[in-house]
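Participant: Structure provided below as structure tokens; questions to follow.
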Amino acid sequence: MSAFTDLWHEISDIGGTAKDGYVRLAWTPPEWELRTWFEAEARYRDLEFEVDGNTTMWATWNPAGATGPAVVTGSHLDSVPHGGAYDGPLGIVSAFLAIELLRARGVTPVRPVRIAAFAEEEGSRFGVACLGSRLMTGTFDPERARALTDAAGVTLAEAMAGYDFDPARLGPVPLTGIAAFVELHVEQGRALTVPVGVGSSIWPHGRWRMDFTGEGNHAGTTLMGDRRDPMLTYAFAVLAANKDARTHGAHATVGRVAVHPNATNAIPSRVTGWLDARAATTAMLDELLAGLGTKIATRAAKDGTTVTITAESTTGEVGFSDRLIDRCVTVLGEKTPVLPTGAGHDAGVLSGFVPTVMLFVRNPTGVSHAPGERADDEDCEAGVEALADVLAELACR
Ligand code: HGY
Ligand code: MN
Ligand code: MN
Ligand code: MN
């Protein structure tokens, strides 16, 4: 077995279901198990371990003579519900192994090299994507974060406190200690046909909560013409989002819905749908949202329902550091593909504050956020080598 398969298998059962992927939500038992693994791994590898106020875990290689801001690599350990194994953890496992490789090569960095594992990257529990990195960079209000609730009504503050984390410590962390951030991640479509590529940019994207209200009533006795059914407005919104995304060359998805009272024989009184929308430019995304807002409001008036659309989290256009992209391509070979992605990442949040770049590892299925997400071991090994080469380039001079 390779060093990669060995370490990968240490976490491959954590949060796994028999046939339906991984459920590793922030501040839950499986995520805690991953946290325990991360800490043990850091200590075993003689890296300094710490957890900051946003519950980001850090493992630092600080060899004698290393000074100044660190080169940081890392990703996240949480997953979407019933997601794949690679989205997030691949960047963490690769980071430990890249440091191992650099040590084996006798490389001595002049700057510390740190691994970061950010919390609630998927926003699968509390709705806000990249919450840990947003809090760190001061782009999300800690007060608002503490009050976020999950599907069971548990607040984020309560969820954190359940693991003895102090919610009062949420908030910005000085970024002056970071010279550069490199996130290695599984590629999430079919865009990469060689083992490793370099990220160029992230599509602007966001999440919008759509609340539809109508009148709950009996399914058998309410005349069809008397109904004020929010499910109809919701269904219209889903179809309109799909249709308009196609005409705008954008992506729109409604992957989550809540219905009240959720009974087969009752016209619902409330439906909430969550829209995820992404486009190549902010102008395209804004145009898509504006058009949809108008169409859905018109439809609601016709249905006798109401709709309110609220942004839960948004990320503008992200372009990674040209200088870092050039250095990655120089180190990895001039033929290395440089590609954009429609997926969001902590790297996207950090790129507004520190020089940032991403490395992508080929995904042979093109599936992500689902159990079919894959990366071949050989490609992951190539990813570790690439990350080690890039860290050496950034941390040794
Ligand atoms: O949703 C996303 O794009 C990311 O994987 N968090
Ligand atoms: Mn993801
Ligand atoms: Mn991810
Ligand atoms: Mn009845």
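Cβ from N, Cα, C; glycine included.
If you look up TrEMBL, you'll see HIS76, ASP87, HIS185 marked as Zn(2+) 1 binding site. Among the features that TrEMBL reports, Zn(2+) 2 binding site is placed at ASP87, GLU122, HIS369. Annotation comment: TrEMBL describes ARG207, ASN265, ARG278 as allantoate binding site.
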Participant: In Å, how large is the greatest distance between any two Cα atoms among ARG207, ASN265, ARG278, the listed binders of allantoate?
Facilitator: 36
Participant: Using only C-alpha positions, which one of ARG207, ARG278, HIS369 is spatially nearest ASP87 (Zn(2+) 1 binding site)? These are the binding-site residues in the record.
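Facilitator: Looking at Cα distances from ASP87 (Zn(2+) 1 binding site), the smallest one goes to HIS369.
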Participant: Which one is it, among the binding-site residues HIS76, GLU122, HIS185, HIS369, that lies nearest to ARG207 (allantoate binding site) by Cα separation?
Facilitator: GLU122
Participant: When you measure from the Cβ of ARG278 (allantoate binding site), how many other Cβ atoms are you left with inside 10 Å?
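Facilitator: Summing over all protein chains shown, ARG278 (allantoate binding site) has 22 other Cβ atoms within 10 Å.
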Participant: For ligand 2, which among the binding-site residues HIS76, HIS185, ARG207, ASN265, ARG278 have a CB under 6 Å from it?
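Facilitator: Once distances to ligand 2 are taken from each Cβ, none falls under 6 Å.
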Participant: Please report the number of other Cβ atoms within 10 Å of the Cβ of HIS369 (Zn(2+) 2 binding site).
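Facilitator: Its Cβ shell of radius 10 Å holds 20 other Cβ atoms.
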Participant: Check the DSSP secondary structure of ARG278 (allantoate binding site), expressed as helix, strand or coil.
Facilitator: strand
Participant: Which state, by DSSP, holds ASN265 (allantoate binding site): helix, strand or coil?
Facilitator: coil
Participant: Between ASP87, GLU122, which of the binding-site residues has its C-beta surrounded by the fewest other C-beta atoms within 10 Å?
Facilitator: GLU122
Participant: Take the Cβ of ASN265 (allantoate binding site) and count every other Cβ within 10 Å, whichever protein chain it belongs to.
Facilitator: 7
Participant: Cβ within 8 Å of the Zn(2+) 1 site's Cβ centroid: which residues qualify beyond HIS76, ASP87, HIS185?
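Facilitator: Neighbours found: SER75, TYR86, GLY88, PRO89, LEU90, GLY91, GLU121, GLU183, VAL186, HIS345.
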Participant: Measure from each Cβ of the binding-site residues GLU122, HIS185, ASN265 to the atoms of ligand 1 and list the residues where some distance is under 6 Å.
Facilitator: GLU122
Participant: Which one of these binding-site residues, HIS185, ARG207, has the sparsest Cβ neighbourhood, judged by other Cβ atoms within 10 angstroms?
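Facilitator: Counting other Cβ atoms within 10 Å of each of the binding-site residues HIS185, ARG207, the minimum falls on ARG207.
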